[in-house]
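The structure appears right after this line, and notes come after that.
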Amino acid sequence: MAADQRPLAIAVMGPTASGKTALAIEAAQRWGGEIVSVDSALVYRGLDIGAAKPDAAMRAAVPHHLLDLRDPWQVYSAAEFAADARTAMAQIVARGKIPILAGGTGLYFRAALEGLAQMPEADPAVRLAIAAEAEQVGWGALHAQLARIDPVAAARIHATDRQRIQRALEVYRISGKPISYWQTRPAGPRAPVRVLKLVLAPRQRAVLHARIAMRLDVMLADGFLTEVEQLRALPQMRAVAAPLDLPAVRAVGYRQAWEYLDGAGSLAESRDKAVQATRQLAKRQLTWLRGELDARWFDPERDRGQLEQAVAGFLGQRRTMQQPSAV
């Protein structure tokens, strides 16, 4: 079998608050790379503090791609991400640099590296109609509707998973075929790069939970609520009938802050809900990552040497990297 001649890339994966951003920036500086963000919140303009978006200094230190692609009232699909990510990777390689994919959105990683089954594109009007229907009858009723239309998909989608219920119904209403049909169709071509997958994950869950809580408190101190107030004040956001169903507002932390500003509970309760929602997100991310059988796992604080050796061996170089911090 011929050797794989595709250019090399590194994927820095892991649950939220595990230190991916810091490691990706450090690796890019050390090995000559550019960062491709793999995060479904960072594609939205205005989601900065609450999404831990790399700041101006970080972007000045290392080129970043796929940030601020859409306004918060717009929709951005995994298929769009796959196309944009592959374009970015090709451009980075053409410049003689190493693409470093970094983030925590598993669907985006899969779309960029493995391809997605061909599926109807998102239709904002259909999504809004489904959201309006959910306001009337509830998402549980829409999940029951999905079970009648597509029992295979309904069995895989939890009755409280609004985003996936909405997408499954949207696909059916657009195409007349259930989403499970589309998911069995052949995926796109493989990625134009050969990837080393690195998973950053503290071995002790308590460590990750502490990082999550600490990061949220820092975000609140840095003005997260003011950021959400500014989003709410945008005329285009005020015109949306069900803003809580927008993908941008569904981002962890933003929903809880939005509901607090709507008058639901105290700030302390909102903070605790956001911490809990972020823990649940981290749990889902870890579950998905365990299915990445070709990924190599590292504790960001304990496995310094092994992480360095993995990168150096993959890239054919032997150099040291500075200790990444939790970002």
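Backbone N, Cα and C atoms are what each Cβ position is placed from, and that goes for glycine too.
Sequence-distant contacts of Thr16 (ATP binding site), defined by Cβ-Cβ distance under 8 angstroms and a gap of at least six in the same chain, are Gly104, Ile212, Val252, Thr278, Leu281, Ala282, Gln285. What Swiss-Prot lists as ATP binding site is Gly14, Pro15, Thr16, Ala17, Ser18, Gly19, Lys20, Thr21.
For Lys20 (ATP binding site), other Cβ atoms within 10 Å of its Cβ number 27. Residues annotated as substrate binding site in Swiss-Prot, with sequence analysis given as evidence: Thr16, Ala17, Ser18, Gly19, Lys20, Thr21.
Sequence annotations record features per position, and here Swiss-Prot assigns region 'Interaction with substrate tRNA' to 39-42 (among others). Across the region 'Interaction with substrate tRNA' (39-42), mean pLDDT in this model comes to 98.
Same-chain residues lying 6+ beyond the ends of the region 'Interaction with substrate tRNA' (163-167) with a Cβ under 8 Å from its Cβ atoms: 122, 127, 130-131, 134, 139, 142-143, 146, 157, 179, 245, 247, 250. Residues or ranges marked as region 'Interaction with substrate tRNA' by Swiss-Prot on the basis of sequence analysis: 163-167 (among others).
Other Cβ atoms within 10 Å of the Cβ of Thr105 (site 'Interaction with substrate tRNA'), summed over all protein chains shown, number 21. A coil conformation is recorded for Thr105 (site 'Interaction with substrate tRNA') in the three-state DSSP classification, outside any helix or strand. Residues annotated as site 'Interaction with substrate tRNA' in Swiss-Prot, with sequence analysis given as evidence: Thr105 (among others).
DSSP classifies Arg127 (site 'Interaction with substrate tRNA') as helix under the three-state reduction. The annotation site 'Interaction with substrate tRNA' is assigned in Swiss-Prot to Arg127 (among others) on the grounds of sequence analysis.
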Ser18 (ATP binding site) to Thr105 (site 'Interaction with substrate tRNA') - Cα separation in whole Å: 13
Neighbour tally for Pro15 (ATP binding site), based on other Cβ positions within 10 Å of its Cβ: 26
Counts by DSSP class (helix H/G/I, strand E/B, coil) across the region 'Interaction with substrate tRNA' (39-42): 0 helix, 0 strand, 4 coil
From Gly14, Ala17, Gly19, Lys20: binding-site residues whose CA lies within 10 A of Thr105 (site 'Interaction with substrate tRNA'): Gly14
Three-state composition of the region 'Interaction with substrate tRNA' (163-167), taking helix and strand from DSSP: 5 helix, 0 strand, 0 coil
Residue pair Lys20 (ATP binding site), Arg127 (site 'Interaction with substrate tRNA') - Cα distance, angstrom, rounded: 32
Cβ neighbours within the same chain of Gly14 (ATP binding site) - under 8 Å, at least six residues apart: Lys20, Gly104, Val199, Leu200, Ala201, Gln285, Leu289, Pro300
